[in-house]
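Undergrad: Have a look at this one before I ask anything.
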Amino acid sequence: MGYGTKEEEDMRRETQPTEKCYLVGVDFPRDRSMFSIDESLEELGQLAETAGMEVVGSNTQKLSAPVTSTYIGSGKVREVKTAMAATGAKTCVLDDELSPAQQRTLERAFGGEQAGIKVLDRTALILDIFAQHARTREGQLQVELALYQYRLPRLTRLWTHLERQSGQGGVGLRGPGETQLESDRRIINEKISALRRTLESVRAHRKRQRNSRKKMDIPTVSVVGYTNAGKSTLVNALTTSTIFAEDMLFATLDPTTRRAQLPEMAVHPEVLITDTVGFIQKLPTQLIAAFRATLEEVVEADVVIHVVDYSNPMREAHEETVDSVLEDLGAGHKPTITVWNKLDLVEESLEDVSLAAVEREHTIAVSAKEKQGLENLVAEIGLVLTELMTDVEVIVPYDRGDIMNEIYTQGAIEYEQYLAEGTYIAAAVPTALSKKLKTIRVDLEAEEVEELSEAEMWKQLAKKRQATTNP
């Protein structure tokens, strides 16, 4: 499975004739989605265009349940076939995932291979986009696994002549031979197993990276959101990095972590920010499983930033979709900051939207593109991280400058006092540092302490250093 650079993909699209497609959606009364059938079909059209196709028409149908054999009714099948012929469309795209049998039956009903007809579902379309946009080796492996898992049960549409044999027995060969279909299934199953093993290694490597970052005691922030909400643009604005950002669906697939210098934050002068893959309604289960190593970055983050395209009329549905995926991932409990982005595309002023945001907990209005409102977001990150910290009271011995340095760099000092035993500090510190300080924490109610002047403190420190150098 080959992958090219973005420039190579663009050149390939320019030299190939645009594939015309016809969209079909089904409106089920029991569908709990916040998306109407028209809104869902509009999004399907955007996906098709992102994949490089030209949408030449669409059709919808209301059904109480999918038709077992063809998903849509027989009358609608004839209607769509006529429309495809009239528009010159050779590809029909369904807005839901089809079973392999439904896909084969529809293709035959629309004219089959002899007429050059192809039937795709939403899942196949999303997988194709992911395959086009994967740039890193990890991203390519994850997409490859999802593609093989999707294609495995659909092999029969490629091999209907089961009498074709490969292998005639002998040492190391399976019995009297196997059909080509069986051979292909075995090969794909072997590839799936190999990819899973490789991705488990990737997962373990990511875990080691996270553990290393935790030892640095730098807070981690994961940026999530509906596809094309402006996540990468926001990360670039906060970190001055150059993650690929473009106005298209799924422009970013590969997670990137950047160190953000945030001098405005009194508690944490820097954080690690990770940009993640965008979510979408009806996200294929194969992708969620294949991208598990990537999505664990969200689960393990200290704080989640949920970016919402405020200019999109479907923003509430987008927000609900992302919240649902976060719940499924086990990250629904994470401290979350909601960012209303793309304020440069709405008529309302930043001030007016910011006032509306204040009415919601941990919600900030910004324009990442114009770098407006970022100072409020930085302050909110600091506030949320402070809420995650633990209050401690310790007396740090004067010869433990290393401990003092950690408290100063990672914590927020509330009170400091020089005592005979050392420096008394009341502070809010990260949980990891709090556990480290347990060994020197003091019960102030049970122990009386003697306050020293700064001059006396330096005398005590000099005596301790002298005792250390001249035992």
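Glycine is no exception: its Cβ is also placed from the backbone N, Cα and C atoms.
Automatic prediction, not curation, is the source of TrEMBL annotations.
Per TrEMBL, the features are:
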BINDING   225-232, 250-254, 275-278, 341-344, 367-369  GTP binding site
BINDING   Ser232, Thr252  Mg(2+) binding site
DOMAIN    219-389  domain 'Hflx-type G'
Undergrad: How many other Cβ atoms are found within 10 Å of the Cβ atom of Asn228 (GTP binding site), counting all protein chains shown?
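TA: Within a 10 Å radius of the Cβ of Asn228 (GTP binding site) lie 23 other Cβ atoms.
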Undergrad: Between Val277 (GTP binding site) and Ser232 (Mg(2+) binding site), how many Å separate their Cα atoms?
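TA: Their Cα atoms are separated by 10 Å.
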Undergrad: What are the sequence-distant neighbours of Lys342 (GTP binding site), meaning same chain, six or more residues apart, C-beta distance under 8 angstroms?
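TA: Correct list: Ala229, Gly230, Asp309, Tyr310, Ser311, Asn312, Ser367, Ala368, Lys369.
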Undergrad: Would you report the average pLDDT that the model assigns to the domain 'Hflx-type G' (219-389)?
TA: 84
Undergrad: Taking every protein chain shown into account, which of the binding-site residues Lys231, Ser232, Ser367 has the largest tally of Cβ atoms within 10 Å of its Cβ?
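TA: Its Cβ has the most other Cβ atoms within 10 Å: Lys231.
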Undergrad: Any idea what the Cα distance is from Ser232 (Mg(2+) binding site) over to Gly225 (GTP binding site), rounded to a whole Å?
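TA: Each residue's Cα considered, Ser232 (Mg(2+) binding site) and Gly225 (GTP binding site) end up 10 Å apart.
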Undergrad: What count of other C-beta atoms do you get within 10 angstroms of the C-beta of Val277 (GTP binding site), across all chains shown?
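TA: Looking across every protein chain shown, the total is 24.
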Undergrad: Taking the Cβ of Gly225 (GTP binding site) as the centre, count every other Cβ atom within 10 Å, in any protein chain shown.
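TA: Around Gly225 (GTP binding site), other Cβ atoms within 10 Å: 26.
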Undergrad: Which three-state DSSP class does Gly225 (GTP binding site) fall into?
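TA: Once the DSSP labels are grouped into three classes, Gly225 (GTP binding site) ends up as strand.
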